[in-house]
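Have a look at the structure below, then the notes.
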Amino acid sequence: MEVPSLEGGRSVHMQKQNEYRSAASAHIVDKDSWQQVGLLLVTSFNCAYVLSFSNLMLAPLGWYWGLACLIIVAAFAAYANWLLAGFHVIGDRRFIRYRDLMGYLFGKRMYYVTWFLQFATLLLGSMGFILLGGRALKEINSEFSDSPMRLQVYIVATGVVYLVFAYFVPTISSMRNWLISSAILTVIYDAAILAIVIKDGNTNKAKDYNIAGNKAEKALNAFGAMAAILVCNTSGILPEIQSTVRKPVAANMRKALVMQYTIGLAIYYGISVAGYWAYGASVSEYLPEELSGPTWAKVLINSTAFLQSIMSQHMFVAPIHEALDTKFQRLNEGMFSKYNLICRFFVRSIFFGLNILVTALFPFMGDFVNLFGSFTLFPLTFVFPSMIFLKIKGNAARREQKLWHMAIIVFSSLMSIITTAAAVRLIINNTKMYHFFADT
């Protein structure tokens, strides 16, 4: 069966990767250790987005439902990713892109559906990173100036820095030498935040954990929070990340996932729970705004969060870079050949230029985190892996396995519809607060 693809505007030619065949790509395949990929997952999921999760995940749910949903969603996300990692190789084919896997099994229509869901997630995520980086820079400046420049200035600066990093560090595998730096930055700003948050929580005697709104609003906001919890735990690009892992690809990817859902999860859940405990239901959408610590601590937290986000965002946007590089660059030349350097500069510049423009125009991406979590990540994380299982196993699967995966498909599809409706409602209700080029 031929694998449909948008890369290069043609069907992808199959190339040999030792005993496996995989689609042609401008990026490196089958090179990284599971430890490297595990560290990549731990640091990338402990990115600047963590600073918003106390507000997005726990404030709408409260303690009981909040903690329960944190545990349940993480457990199911880990299970679904564990399952998907086992389908990276089918027969003698290694699927380095999620959309290629879905197209191979279900036809061209599912290829394009998967492509749309993935790229919608990654584009919104990239804009969210640019916005959070801009906010971090503005917070740093506000510590030294009573009249800091508009947020859009910092958004542009953030986007330019991301562009430079993406140009000189073009692939996931090439991040190898940056992961230790990312880990050190993660430890610094997480430790600093926890220290100040715990101090604030001990001195704040007027914490209010009551959930705002009437019954209907509470219910819809709760579903939105569940979508945010899913965003916190999964990316929708597991096959693309797994493409870099050395053989045995399933076993090694699962080892990396264990690192994410133990070490990584303990950190980003710890920050989220501590922030909610310290400041209650009124916790800010950007946690450093709440901190009462000295100026140097706030500057340290915002600067390390910004620097770490440069590397974190690169993992989440790498599949788009891979698609563009594979389409426009010369695959028979190295990534740093003269032609490919020039080509990559223009392609990356256009990509980040458009992202910067949209982010500067609509600097209120927080509401859209729930939207792409509900609309795209529920299918990518839960529905599609179960569809793949049923397709591949077929009649060989036991009856209870079929019922289990059909139940996952139905329940996750319903959750996607409900949480998408909740996210759209939130955006509509907040429309009156939105205005172009807002300085918030």
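Glycine too: its Cβ is placed from the backbone N, Cα and C atoms.
Listed in TrEMBL:
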{"type": "DOMAIN", "residues": "31-423", "note": "domain 'Amino acid transporter transmembrane'"}
{"type": "TRANSMEM", "residues": "37-57", "note": "transmembrane segment"}
{"type": "TRANSMEM", "residues": "63-90", "note": "transmembrane segment"}
{"type": "TRANSMEM", "residues": "111-131", "note": "transmembrane segment"}
{"type": "TRANSMEM", "residues": "151-169", "note": "transmembrane segment"}
{"type": "TRANSMEM", "residues": "178-198", "note": "transmembrane segment"}
{"type": "TRANSMEM", "residues": "218-238", "note": "transmembrane segment"}
{"type": "TRANSMEM", "residues": "258-279", "note": "transmembrane segment"}
{"type": "TRANSMEM", "residues": "341-365", "note": "transmembrane segment"}
{"type": "TRANSMEM", "residues": "371-392", "note": "transmembrane segment"}
{"type": "TRANSMEM", "residues": "404-428", "note": "transmembrane segment"}
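The listed stretches are 37-57, 151-169, 218-238, 341-365, 371-392; of these, 37-57 has the most Cβ pairs under 8 Å to the transmembrane segment (258-279). Listed as Cβ neighbours of the transmembrane segment (218-238) (distance under 8 Å, sequence separation of 6 or more from its ends, same chain) are residues 45, 49-50, 53, 56-61, 65-66, 69-70, 73-74, 77-78, 80-81, 84-85, 98, 117-118, 121-122, 211-212, 253, 261, 265, 268-269, 272, 315-316, 318-319, 369-374, 376-378, 380-381, 415, 418-419, 421-423, 425-426. Between the transmembrane segment (151-169) and the transmembrane segment (341-365) there are at least 3 Cβ pairs closer than 8 Å, counting only pairs 6 or more residues apart in sequence, which means the two stretches are in contact.
With a threshold of 8 Å between CB atoms, the same-chain residues lying at least 6 positions outside the transmembrane segment (178-198) that come near it are 36, 39-40, 42-44, 46, 51, 169, 267, 270-271, 274-275, 277-278, 287-288, 291-293, 297, 300-301, 304-305, 307-308, 311-312.
The stretch from 37-57, 63-90, 341-365, 371-392 that makes the most Cβ contacts under 8 Å with the transmembrane segment (111-131) is 371-392. Long-range Cβ contacts of the transmembrane segment (63-90) within its own chain (Cβ-Cβ under 8 Å, at least 6 residues beyond either end) map to 20, 57, 101, 104-105, 209, 222, 225-226, 229-230, 233-234, 238-239, 242-243, 249-250, 253-254, 257, 261, 265, 269, 272-273, 276, 381-382, 384-386, 388-389, 392, 408.
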